[in-house]
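Here is what Swiss-Prot says about this protein:
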BINDING   Gln91, Gly109, Glu110, Gly111, Lys112, Thr113, Asp498  ATP binding site
REGION    799-826  region 'Disordered'
COMPBIAS  799-813  compositional bias 'Basic and acidic residues'
BINDING   Cys829, Cys831, Cys840, His841  Zn(2+) binding site
Amino acid sequence: MGFLSKILDGNNKEIKQLGKLADKVIALEEKTAILTDEEIRNKTKQFQTELADIDNVKKQNDYLDKILPEAYALVREGSKRVFNMTPYKVQIMGGIAIHKGDIAEMRTGEGKTLTATMPTYLNALAGRGVHVITVNEYLSSVQSEEMAELYNFLGLTVGLNLNSKTTEEKREAYAQDITYSTNNELGFDYLRDNMVNYSEDRVMRPLHFAIIDEVDSILIDEARTPLIISGEAEKSTSLYTQANVFAKMLKQDEDYKYDEKTKSVHLTEQGADKAERMFKVENLYDVQNVDVISHINTALRAHVTLQRDVDYMVVDGEVLIVDQFTGRTMPGRRFSEGLHQAIEAKEGVQIQNESKTMASITFQNYFRMYNKLAGMTGTAKTEEEEFRNIYNMTVTQIPTNKPVQRNDKSDLIYISQKGKFDAVVEDVVEKHKAGQPVLLGTVAVETSEYISNLLKKRGIRHDVLNAKNHEREAEIVAGAGQKGAVTIATNMAGRGTDIKLGEGVEELGGLAVIGTERHESRRIDDQLRGRSGRQGDKGDSRFYLSLQDELMIRFGSERLQKMMSRLGLDDSTPIESKMVSRAVESAQKRVEGNNFDARKRILEYDEVLRKQREIIYNERNSIIDEEDSSQVVDAMLRSTLQRSINYYINTADDEPEYQPFIDYINDIFLQEGDITEDDIKGKDAEDIFEVVWAKIEAAYQSQKDILEEQMNEFERMILLRSIDSHWTDHIDTMDQLRQGIHLRSYAQQNPLRDYQNEGHELFDIMMQNIEEDTCKFILKSVVQVEDNIEREKTTEFGEAKHVSAEDGKEKVKPKPIVKGDQVGRNDDCPCGSGKKFKNCHGK
């Protein structure tokens, strides 16, 4: 209890401080009101000029803190003149919390959009760009258009970044003082910027300050979904079809086991026997059958754990993922690890080729790159620990401008879903007769359509808002508060759009919100409730539950069922109990805790790839931005030569074997015959380096003489292609490592530590391979002067072909690996089986 009171005291103390600063802003109202429009714009110019003279971000932030009251007062006055709306004190307080890099939790209808204008204006003065982020492109478009009036009045520029825009249009949007965009588009633009070949092809500026609307949706709900840019991998789809046919034949408990709580599914011994007969293999779990078992497991997941119209939808022959938190489809997103292909096989649509990841990043890692990050939402307090631990953001609950009058009624619990839905329909019919508008919230598209059919049978006119008709979202939400309106909505419930009450609705009790099921996250339930009772309006909310709801099944509805049977309750009689409501909330807390742990675990694993990504992207960018890349090439030539000497030459031996070293030098650096055993015999490692280096330098100079001024362009092209090719393969290898690493825990090993160590080794090997390839292609490529190497356009993602190199004679050429005699996981096994080491003696 002490911990809770500390948090509450902390919030109260914070609110007092925000209130004092807000009063300073309000105190400047009269002084600002006498300024002309031109004088207001001149103030903006003055601030910008003073900030431009400060080159340090921290000092700029100190200056912004100093001018905050005056800047916020200017925005208030501008808002009054442009929109005829003056931000309230609580909105100023929310704006101050955002400027501090925190999350302002503000109830629905409290004017978050207007609140954000103050910190956006203030931080845009620094000239480093402010990103205002919304959950969809519709909201970005609407808000940028509306708010541009205010920002332009104040003397700032506004850009809108959409998926459909060209590279030039995107660059222009990012160059403005303020840029509106979705989180997805920002992430993809960042990845694309790190795949270009020339600096002028980039569209973004360095990441400075971001304000995220519906911050919980983006930083919590979508945190586990990585953004991926991929190219097609060549792979047959026939195994998906076979696995799908097999999965259809299986029976639960006999052939496979399914755990409802963890949503995991696996074959029984009997199921494995059937698989061996069906796929004509002797031992299903033999390493050579890893593809077969992988496809079977994926097909089982597609059939058993994922439901059509709940987890995904099929639209025009295409499988679209449904976002579990918003109810919207996510075009362009695909399940990974072959799961999407397994669903396509299940639904009988065309199976797309598997894709190969070329670049990826999670929102957790993308947003942590900003100098300052802030957000706003109606529901964030339940996830405060996660915001603090992962993003270093505090959640500040901003008071409402008017007291909340909504009546949140106790949950009603029924034995069956039929009893629950019958009661829901009766409640809707009763309220509809009185003219009170009703918003029905559902967890899945399937449920919204089922209730819609029940209401049609009763002759109740209504609108359905789900992933199938999201185009009319704004129109449906706008009418949801009118007299007699009945609206069914999935979780999306029109986030970002207010439901305003029509004439005479206040007298009828305001908007009635009915939840047909509890979501696994309390925030989503709070969001649904929050649709009603905006800005002090009247309203009420109630959730109808059944013991057959997924959340209840997952967390022990058997005890409740027995209790209701003992009480002799039938299907039409609900129980209304604080104990049950507490049990439901406890189940939700457990799920939230599990989800937080999962996101934290993902971040720990992703941290390994984040550091590696940072090194690769920095390397790429320095190659692109440097006018001369010869220093990079020189360093690579030297380190590759030194590594090969360390690996092959053992001067302690009485009779060292020089031929493998010479073969390697011929393969990577020189033409055959350029170096002989006589050149290096009897010399120590240092002298050998000098002898060979002189020959390499001469070969390098020869290429420079042939290509002259085109040499730099040629080197850049080779460097970037080599980095991109190996980095893409490395991402794939790291993904494979991660998929199987959890099994290490059964051998009393620490999977995370193993992943970190092996990931580091794989990265070292990749860097060596990049250097080796670069050396080989720069020294051994045969380029004619008349080839006229042109600047290479950034090609379609996924394609990167090397300049053809002279191969010389066919022979076995060993590669130097720094780790002594250790063999890499993806190298051929030394036993000569032809398998990769990880699938043979490396198991």
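Cβ atoms here come from the backbone N, Cα and C positions, even for glycine.
Positions of the features from Swiss-Prot, shown on the structure.
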residue: Gln91; record: ATP binding site; DSSP class: helix
residue: Gly109; record: ATP binding site; DSSP class: coil
residue: Asp498; record: ATP binding site; DSSP class: coil
Open item on the list: What is the set of residues, excluding Gln91, Gly109, Glu110, Gly111, Lys112, Thr113, Asp498, whose C-beta falls within 8 angstroms of the centroid of the C-beta atoms at the ATP site?
Closed with: Met106, Thr108, Leu114, Thr115
Open item on the list: Let me make sure I understand the structure: which of the binding-site residues listed (Gln91, Thr113) has the fewest other Cβ atoms within 10 A of its Cβ?
Closed with: Thr113
Task: Least buried by Cβ count (within 10 Å) of the binding-site residues Glu110, Asp498 - done: Asp498
Open item on the list: So if I draw a 10 Å sphere around the Cβ of Gly111 (ATP binding site), how many other Cβ atoms end up inside it?
Closed with: 19
